[in-house]
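A.B. asks: TrEMBL feature annotations, pasted as is:
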- 109-186: domain 'Beta-ketoacyl-[acyl-carrier-protein] synthase III N-terminal' (DOMAIN)
- C115: active site (ACT_SITE)
- 224-313: domain 'Beta-ketoacyl-[acyl-carrier-protein] synthase III C-terminal' (DOMAIN)
- H240: active site (ACT_SITE)
- 241-245: region 'ACP-binding' (REGION)
- N270: active site (ACT_SITE)
Amino acid sequence: MMPNYSQLIATGSYLPERVLDNHELSTWVDTSDEWIVARTGIHSRHLAAEGQGSVDMATRAAERALAAAGLQATDIDLIIVATTTPDQIFPSTACLVQARLGNQGAAAFDVQAVCTGFIYALATADQFLRSGAATTALVIGVETMSRIVDWQDRSTCILFGDGAGAVILRAAQQPGILSTHLHADGRYAELLQVPQAESHLTMQGNAVFRMAVRTLGDIVQETLSANGLQSSDIDWLVPHQANIRIIQATAEKLALPMERVVVTVGKHGNVSAASVPLALDHAVQRNCFRPGQLLLLEAFGGGFTWGSALLRWT
Ligand code: COA
């Protein structure tokens, strides 16, 4: 029988050892712990070591997800990596991770949708598994944001960090992932971008903030309507970890108490495509989710791009 769904069966994550807290960052640029915490909810971020890159971090997260699933790398027949910060222009990060893991032959490619990258990658893997084109997928979000951040620009450098998160999806007869929703509007490219290779990230923070709150509110409604659900049916919100105020605004639209929202932004800041899988793994490690519960994943990022996934925990 053809599988009709995919199920998320395991998670893994990796944060580099080096922690840069707001106090230390205040010695680099003119800012303060109070300002950063009040505006963003961020206390610290992790930075990749010299010589450590996206492939290293992605491989670590993938190994942990494989171990949690009780699978070998050779059981995987699809690898999708969401990243904005590949170590090389090519080969893709997915191919380099595949070589490290040692599962030659599996399809492997990258997805670039900035902070929404993991949702785009998850939606793509879901389609492969639903159609029968693959049976077991490794989906990774990884970023070395520290390499594209301008460490002299206090309006952006306070926000970002490095890390990786991974999930394993398996084709199944039961959901699993109930629906995914992806959008983009390239007219807003200039509000959040790295204008050229070798240059730094630039952002119009206020405008990005307003668009993020609006589009995330809309996509939450779109996801509920597509599934004939009320906001009270959602058990957990697993949001992109960009800013606590954006997360709170979405939770308010869902009338969801913050105890039902997975929040990790405080300890790692915005890790772009890695934020959602880092938050997922954080909650899984703490045994937060119960079988049958409904999880709403959402993200917003440069492009602009935005997306969501609704899944029933199994
Ligand atoms: N420390 C201290 N002061 C700072 C500062 C910092 N790190 N960064 C900016 N400021 C100052 C500004 O210079 C400005 O000073 P002025 O009033 O004298 O001109 C003041 O703080 C207010 O700046 P503003 O940009 O209006 O602040 P804000 O309330 O919009 O907060 C962000 C800035 C970046 C925290 C906020 O816009 C934001 O979070 N935006 C969304 C970013 C995001 O999530 N991007 C990724 C999406 S995936």
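Note that Cβ sites are derived from N, Cα and C of the backbone, with glycine treated the same way.
Fair warning: this is a prediction, and the values are worked out from it, not measured in the lab.
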A.B. asks: Starting from the Cβ of H240 (active site), draw a 10 Å sphere and report how many other Cβ atoms land inside it.
C.D. replies: 29
A.B. asks: Taking the Cβ of C115 (active site) as centre, how many other Cβ atoms lie within 10 Å?
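C.D. replies: Within a 10 Å radius of the Cβ of C115 (active site) lie 31 other Cβ atoms.
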A.B. asks: Return one of helix, strand or coil for H240 (active site), based on DSSP.
C.D. replies: coil
A.B. asks: For N270 (active site), list the number of other Cβ atoms lying within 10 Å of its Cβ atom.
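C.D. replies: N270 (active site): 24 neighbouring Cβ atoms within 10 Å.
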A.B. asks: Which state, by DSSP, holds C115 (active site): helix, strand or coil?
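C.D. replies: Reduced to three states, the DSSP call for C115 (active site) is helix.
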A.B. asks: Kindly report the helix/strand/coil residue split of the domain 'Beta-ketoacyl-[acyl-carrier-protein] synthase III C-terminal' (224-313) according to DSSP, in that order.
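C.D. replies: Summed by class, the stretch gives 37 helix, 22 strand, 31 coil.
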A.B. asks: Pop the Cα-Cα gap between H240 (active site) and N270 (active site) into the table, whole Å please.
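C.D. replies: About 8 Å separate the Cα atoms of these two residues.
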A.B. asks: How big is the Cα-to-Cα gap, in Å, between H240 (active site) and C115 (active site)?
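C.D. replies: Between the Cα atoms of H240 (active site) and C115 (active site), the distance comes to 7 Å.
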A.B. asks: So, by DSSP, how many helix, strand and coil residues make up the domain 'Beta-ketoacyl-[acyl-carrier-protein] synthase III N-terminal' (109-186)?
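C.D. replies: Reading the DSSP string over the domain 'Beta-ketoacyl-[acyl-carrier-protein] synthase III N-terminal' (109-186) gives 26 helix, 32 strand, 20 coil.
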